[in-house]
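Notes to accompany the following structure.
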Amino acid sequence: MSFIRIARSLARGYYNLPTNIIDRTSINTSRKDDDSDTKATGSQLDSPDEEWLKDYNSFVNVRRRNRSVLRTFVFGIGLFLIIAILTLWWPLTGADLPQCHSIYMYPSYARVDGFNEKFTSLANKYHLYLYREQGMDKEPLNNGEIQLDGIPVLFIPGNAGSYRQVRSIAAACSELYFKQSDILINKNAKNLDFFAADFNEDFTAFHGGTMLDQAEYLNDAIRYILSLYDQPDVSTTLAKPKSVIIVAHSMGGIVARLMPTLKNHIHGSVHSYLTLSSPHAAAPITFDGDVLQLYKRTNEYWKRELNDKSSFIFNNVSLISITGGIQDTILPADYAMIEDLIPYSNGFTVHTNTIQDVWTPIDHLAIVWCKQLREIISRYLVETSNIYLPSKVVPLEERMKIASQLFLSGFEDSYRNYSGEELRNLTTNSEVSSEMKLNDIVKITKDTIPDKPYLSVPVAQFDGNVFLTLFSNSDNIKILGCANSYRHDPTIHSCKDLSHFIKKVPRYFDPNKEHKTESNKLLHTSIDEFKKYDFVIVDFSTIVEEHDLLVYATLSREEHTVIDVTPSNLLFMSQKIKVPPGALMNKWEFINLWDSLFAYKMNVDTTAMEQPFEPFVKQHIKEPFETKWHLNVLESTTSISFHNIAPFIPTNENITRSLFLTLVGSPENDYFIRISVDYLMTLKLLYIRYRLAIASFPIAVITMVLAYQFYIYDRRGIFLPFVTALGHLISTYNTIICFSLLGLSFLCDMKLVQNALFAIDPSHLNKPYFNSNKDVRNNFYLLGLRSKLLGVLVYFFFTIGTALVILLNGILLTFQKLFTMAINLKRTNMLQNQRTNTTAIITKWRFLALFLIIISVSTFIPYQMAFMLAVIIQVINSLKVSSLSARTKNHQNLLNFNMSLLLLLIFIAIIDFPIIIVFLHNVAIRCGTSFRSQHNCLAIIPILLMVNNNSLLRLPNRTKGNKGRLVSLLGLIYLSLFSLIYGIRNLFWLHHGVNIFSMWVFYLTIFSKGS
């Protein structure tokens, strides 16, 4: 029976039911009307006010409201758990599976002790290392002196990253130059001297001051590195380097772009940037306003420089941004985009799925060591080096050409127009050459190798919509562009090798095997690409007879079909496509499938009993460069996801945003394709993009409920329990809330509304259009949605936020109830007596402690640390009120008020906690970092005054007249709307909003006379 009584007691505590909680000796009857002042003290034990008790019960004792809360809780927590389970345990398949190979190296690191306080003020906090691959690179030190003989490269680690992450790429560069130099095309290449910054695993993403420190240190480091090559003992007589190559991971890429904006930057000291999983497009977290300010400053600087055709950056600097795609669960791959900022003449974004011989997504940490990718990166770094130039890299145009050749799939429009190498004179006649006609299909196997080794395509006979398509599993096929150079003999041609148009594509692989390393060859090129030639010749002369040899060649008009289907069409029914025989490649453009929040599933079937080769599907979008190769499509359902138009990412509205799918299959067979929405994958993708909503939406819910609590309190003198007030709002206004959120989603996607929201944004950091380019726009508001169909997500996340608040409130009330039950009932009046006798002493010591905290914030600790102290004080306040309520049952209003405030402060503490991590990290390594903006006393004094005042067991006075009530109501509603509309991209400002609210509460408690 005792267990049942405890359970019943806990349940009453959770729902704040009136039964046996409020008796007639616990009601303050000093009020003579509904607008009387409310002030709870330990000595108020008068007889009850019958009308007040009736009003209280009319709000609290409504089971329907409790059922509404329970339904909302179950629905919200259910959604939250589904997304969490899918994120953590739902497996990725097919092209989204990681396929990185293992690696090994023999690293050594030499700390550059010469880079000390004489060269940088941050030498005590950060350090510089020189990497050497054992057995290949020079020994790092000789008699204590650094030995340098290559081209300087600086590696910048990311958030909490280590300088040791340089080893994989640096080792690959050394191995390429010293052991595989015969494959290098660039004869002016040189080995690379890799330097790496040691930031003591600083949390760069959390703190703008840390970003500034790192950028300042790196500028000093570059100055020092370049000075090392000016020393006479450096073994080179060539041009001294005037710049370094930068390779950066994660937030290191943002620090690298920040460097040129600082005063200590050496003009022209960096020509080449290569970033790995760096969030260029948007800050991954928004807990610190300084980070957002630095993003804005950096982007404006780069945009201004790139708009100036005479600037150094426009004419010399390249930036390649590589992202791991869907496997990166730390940073949304959308955030790595630079297309809105940097023109294609200076850089581009590419997904690792796209890169030839990589063809795999890569997670956030593996991107610095994945074997396939590091081999391509090392090739790029070495091939773009030039020992004879002071910049130590080839000119910008050549650098971008090499980047396109190495990092793109080869099927992009920007890849075209590279001239082939002069080959030889070639003699063709009817005995050795056959002419290919429109709609011809040529098939070659080991049993049908043609007697005529040349297949000729007369270019002049066809228009630009005719495509030459070639599929082969052989490496011994060439494409030649030939012209009739000898008028006396039309069978003799001058030819160039155009085999670079033939690209690798991943071969069908067994998912049970560890690796897939083999590739097929694919050519799909418009005849327009060959207009300067008379003939295009497919050369089979060197083909080798193999048991699985297969070659298909077709000449046909491109099968490009535009499909006008929307995600809403695919929600409940699938799009079916029939592919008749006759074409080697069939291409579809889905002009309305552009939203990255949707994922789709595709099934491919065929009536053919046998397949000459396994058909596969190429999926791609035009910006950024993202190509996926879906293999094994006949065996299983294929998941389709992409990174196109995404929340909070700038988008050029003049660029085609269609999703393209291309089926490569036997022209002898027919195929059937079915596409529909993949609900589970769509839910899985929500987490990575909306993690910050877990912090902002609950605050919107809490402040909305607080507004209602204050409204009822001002009118009737009842400060409702939090769950009771929430239940009343849900049961009464749920439909209004739902449609209001949907309407808000539609409004926030309108350009006029976005401009208005930016005008009234107190932070003024997120401009909906990018500088003067009105075609590049962004939606920073609410969930950043561009699709009206997904407006329902706002209500879903609001429900999840509500459920999380209910959960935390239940946990707090449970602990409060357990604490109350644990109190010794014999000491009923001890606390009241102690408070009566020592009030003056406690107040004196509290204000002394408050003064010391303010001094500490001004000089040493960030205000976020003081806020954590305020949260602890509020916890104590709530427990103290709980203990008094448990004995005298006369502080229900005071308990409800303190518990609601505690809920709000706990969620704000989640936002402030990362800055505290940075501060404690710096204390642990005994290094100081500037916390300039965090030493703002005004950002914490009102909160400290409020919680200190709460510790004296005071309630705010009920406001006099409508004006005071309006201030409380509108202030909290504004804070709730701000949390919804601006919160995700301005989490740092929510602290300041609560700080202003705290000042108002303090004013109501101390200075307001009430009514």
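For all residues, glycine too, the Cβ spot is worked out from N, Cα and C.
Here is what Swiss-Prot records for this protein:
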| type | residues | note |
| --- | --- | --- |
| ACT_SITE | Ser250 | active site |
| CARBOHYD | Asn28 | N-linked glycosylation site |
| CARBOHYD | Asn66 | N-linked glycosylation site |
| CARBOHYD | Asn316 | N-linked glycosylation site |
| CARBOHYD | Asn417 | N-linked glycosylation site |
| CARBOHYD | Asn425 | N-linked glycosylation site |
| CARBOHYD | Asn654 | N-linked glycosylation site |
| CARBOHYD | Asn837 | N-linked glycosylation site |
| CARBOHYD | Asn898 | N-linked glycosylation site |
| CARBOHYD | Asn949 | N-linked glycosylation site |
| CARBOHYD | Asn957 | N-linked glycosylation site |
| REGION | 28-47 | region 'Disordered' |
| TRANSMEM | 72-92 | transmembrane segment |
| TRANSMEM | 692-712 | transmembrane segment |
| TRANSMEM | 717-737 | transmembrane segment |
| TRANSMEM | 740-760 | transmembrane segment |
| TRANSMEM | 792-812 | transmembrane segment |
| TRANSMEM | 847-867 | transmembrane segment |
| TRANSMEM | 900-920 | transmembrane segment |
| TRANSMEM | 964-984 | transmembrane segment |
| TRANSMEM | 987-1007 | transmembrane segment |
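Long-range Cβ neighbours of the residue listed as 'active site' (same chain, at least 6 residues apart, Cβ-Cβ under 8 Å): Pro157, Gly158, Asn159, Gly161, Thr204, Ala205, Leu276, Ser277, Ser278, Pro279, Leu331, His364. Using the rule of three or more Cβ pairs under 8 Å, pairs at least 6 apart in sequence, the transmembrane segment (900-920) is in contact with the transmembrane segment (792-812). Residues near Asn654 (N-linked glycosylation site) in space but far in sequence (CB under 8 A, at least 6 apart, same chain), listed by position: Asp775. Note: the stretches the transmembrane segment (740-760) and the transmembrane segment (964-984) are in contact (3+ CB pairs below 8 A, sequence gap of 6 or more). Neighbour density for Asn316 (N-linked glycosylation site): within 10 A of its CB lie 18 other CB atoms from the protein chains shown. For the glycosylation sites Asn66, Asn898, Asn957, the largest tally of other C-beta atoms within 10 A is found at Asn898. A Cβ distance under 8 Å defines the sequence-distant neighbours of the transmembrane segment (987-1007), meaning residues of its chain 6+ beyond its ends; these are 285-289, 292, 692, 695-696, 699, 703, 762-763, 864, 867, 901, 904-905, 908, 911-912, 938-940, 942-943, 945-946, 949, 954-957, 959, 964, 967-968, 971-972, 974-975, 978-979. Counting only same-chain residues at least 6 apart in sequence, those with a Cβ under 8 Å from the Cβ of Asn949 (N-linked glycosylation site) are Phe1002, Thr1005, Ile1006. Reduced to three states, the DSSP call for Asn66 (N-linked glycosylation site) is helix.
The separation of Asn898 (N-linked glycosylation site) from Asn316 (N-linked glycosylation site), Cα to Cα, is 60 Å. Outside the transmembrane segment (792-812), and at least 6 residues removed from its termini, the chain residues within Cβ reach (under 8 Å) are 14, 69, 72-77, 79-80, 597, 686, 690, 693-694, 696-698, 700-702, 722-723, 726, 730, 737-738, 741-742, 744-745, 782-783, 785, 878, 899, 902-903, 906-907, 980. Straight-line distance linking the Cα atoms of Asn66 (N-linked glycosylation site) and Asn898 (N-linked glycosylation site), rounded to a whole number, equals 21 Å.
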